[in-house]
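Participant: Below is a structure I'd like to ask you about.
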Amino acid sequence: MEDSPTQSHVLQLAHPPIPIVRIGIIGLGNRGLLTLQRYLQIEGTEIKALSEIREGNLNKAQLILKEAKHPEATGYTGPGGWRKMCECNDLDLIFICTDWLTHTPMATYAMECGKHVAIEVPAAMNIAECWQLVDTAEKTRRHCIMLENCCYDPFALTTLEMARQGVLGEIMHVEGAYIHDLRSMYFAEESEGGYHNHWGKRYSIEHTGNPYPTHGLGPACQILDIHRNDRMEYLVSMSTHQAGMSEYARKRFGENSPEARQKYKLGDVNTTLIHTAKGKTIMLQYNVSTPRPYSRLQTVCGTLGFAQKYPVPCIALDSHGDTPLEGEALETVLTRYKHPFSATIGEEAHRKGLPNEMNYVMDYRLIYCLRNGLPLDMDVYDAAEWSCITELSEKSVLNGSIPVEIPDFTRGVWKKHKH
């Protein structure tokens, strides 16, 4: 479907500069409170409003502001408090840090109220919600960014820089993943930072496929210029059966415990293969219920080079044969192609002693672009494309791993657009 006369694409959308970005945050659980603390470190921001259904969490947030010597924010409580916050006229940007199922409804309402939105991952849970985000962003001409911090991983940025400079040749295949042993977390209480009786755990009881694709997929799509010179066309997906969560529960709680008897639809390991319009491939994995060491893979295969972050950073260049670079040779390449974001903003994060460089670079770039009237690094099409894999991977798994088409959320504009 092409753009209609009354609604056009928002690729490279830019707005007049906002000197001080006035921020509201919806959701002040663990993620929301961390978001609040992060943006107190970013110049040119003002935390104006906070919305949370649990008054105790709202009080925690106000205390964080007080201890940082910032003014108290306007607080909104109750089930409808977030709507009232979206409707106020003294906010520019709203962060949505709530459970997955509320991301899209809140984001679309905020945009309809004239606000830019930044959504925690994933931005949407199904194709219908992905289209709602795209259509609303196009109709309202508001920024809609999904906060995928893994796109700002220093190694991912280095390989992106190498690809942009042609060092890796034509990029043919990319791999990404979310591999993280969360078994103990799934049986820990929320007060302990866990997910017992948490919406994330409930999702694994009711669904299969890949419910959390964006950490691995975001950097992969950026290096392949998805919707900027190519697009994802279709996928096939398959999952193992589920055993890891049940076995862990039996050992910890006993054979006949409610935890051990709980059934899960989500397989232990999901693998999804994606084919692009220009003949490139992406392999995406999800695995949170085995003792497999943490990994996002971050594998890039080009005609002139290879790069992979996990389990240890590895680069091989055609000019050196197929032997991975080591020692000084590896450090020389990593230094030569260090992305400007890492060399400037990332180094600033280190000087400040901040614990997560990826978050700081992402946060800095978002506010920098808004303050300078620039297009954002990630747009609503990224949010839709990366999030839609949740529903589509499940559909493929449940139907014998059949190929499933991936919508073109740009309605054909990707053919005309270069990064």
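Cβ atoms here come from the backbone N, Cα and C positions, even for glycine.
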Participant: Pick from Y152, Y178, Y337: which one does Swiss-Prot list with Y212, P213, T214, H215, Y294 for the same substrate site?
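Facilitator: Candidate in the recorded substrate site: Y178.
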Participant: For V121 (NAD(+) binding site) and H215 (substrate binding site), determine the Cα separation and express it in whole Å.
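Facilitator: Spelling it out, the Cα of V121 (NAD(+) binding site) and the Cα of H215 (substrate binding site) are 8 Å apart.
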Participant: Select one residue from Y178, Y195, W199, Y212, Y294: among these binding-site residues, choose the one with the most other Cβ atoms within 10 Å of its Cβ.
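Facilitator: Per the Cβ count, the most surrounded site is Y178.
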Participant: Measuring Cα to Cα, how many angstrom lie between Y294 (substrate binding site) and Y195 (NAD(+) binding site)?
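Facilitator: Distance between the two Cα atoms comes out at 18 Å.
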Participant: If you count CB neighbours within 10 Å, which one among the binding-site residues N30, N197, T214 has the smallest count?
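Facilitator: Each of the binding-site residues N30, N197, T214 was scored by Cβ atoms within 10 Å; lowest is N197.
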